[in-house]
Amino acid sequence: MPDEKLAKSNQVIVSTTEPSDTGSQTAKDVERAAPSPRLSKWQYLQQDVDPAECTWPLTAFCFMTGFTDAVCFSAIFVWCGFQTGNFTQLALALARLWEGPRGMRDYMFHKADQQALCSLLAFFLGSSLGRIGDKVGPHKRSWLIVANFLATLFTMAAALALWKSGQPSLALERDLPAWTNALTFVGIAFMSAALGIQGIMGKRIASNFGTTLVLTTLWIELINDPKLFRINLVKTRDHRALGAFALFFGAFVSRAMLFKIDAAGALGVGVGIRLLMTIGWLWVPAKKPARK
């Protein structure tokens, strides 16, 4: 009996002195399960948003592209977001200098060409603000909010300029643009700058929506999507189709509004939409940290 008691006591001593793997594992589990410290407002704004969760903000970008382009094109037949067309138009204006006999050549810098140049330069300036985002972080929530707010201010400035210009919103003929005075050029510039900064935001997010401005690449990728005719949900195809529909719907809504209210009023509605888009970035989920 004494030998048995001595053996049991030795087992107890050994079991209490040996390092416990299960105990350390339990401590790690408790540490992982503990609630993470609450982020401050500044830390929340400095998070990177998850590009995979940006579907609806980018859809709204496409909507505003169609909305803004419809206002500009209805008045002067110039696209604020389609700079390929404006750049080509300037090339045609330059080629016109050599047309016809020397005494009959057209050396005029036509109003339509001036407006195309104004839109192109303003678009460059607006898009160049993306360099700030590259320094801050193109996916940072703070940058996306600030950049979207700048686009809102640009749209507001365009609405005010067109309102003060006192000119009509619809052109009846391509040779007779509705906007001709200096304030309308200011409006064109601010609309183009707004789409310029929007384009670089969409490009840096790197999604299926592209730049959210020109749908040429998007159409090519959509038509050649290997899963184009699948009945079930396909992310690549569905996002591109959604962007195209949003742009179409934005242009439709904008043109319909121009018959009821003028260009300034339509852009005023656009300001409200852009402001909601700015606030909406607060609810886009942050990118999840990579697992170690």
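Placed from the backbone N, Cα and C atoms, the Cβ positions cover glycine too.
It should be emphasised that the depicted structure is a prediction, and the values quoted were computed from it without experimental measurement.
Taken from TrEMBL, the feature compositional bias 'Polar residues' covers 8-27. Marked as region 'Disordered' by TrEMBL: 1-34. Among the features that TrEMBL reports, transmembrane segment is placed at 70-94, 144-163, 178-197, 241-258, 264-284.
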Determine which recorded stretch among 70-94, 144-163, 178-197, 241-258 has the most C-beta pairs below 8 angstroms with the transmembrane segment (264-284). 144-163
Can you tell me which recorded stretch out of 70-94, 178-197, 241-258 has the most Cβ pairs within less than 8 Å of the transmembrane segment (144-163)? 178-197
In the same chain, residues at least 6 away from the ends of the transmembrane segment (70-94) whose Cβ sits under 8 Å of its Cβ atoms read 109-110, 112-113, 115-117, 119-120, 123, 168-171, 174, 177-179, 184, 188, 191-192, 194-195, 199, 213-214, 216, 250-252, 254-255, 258, 263, 266-267, 270
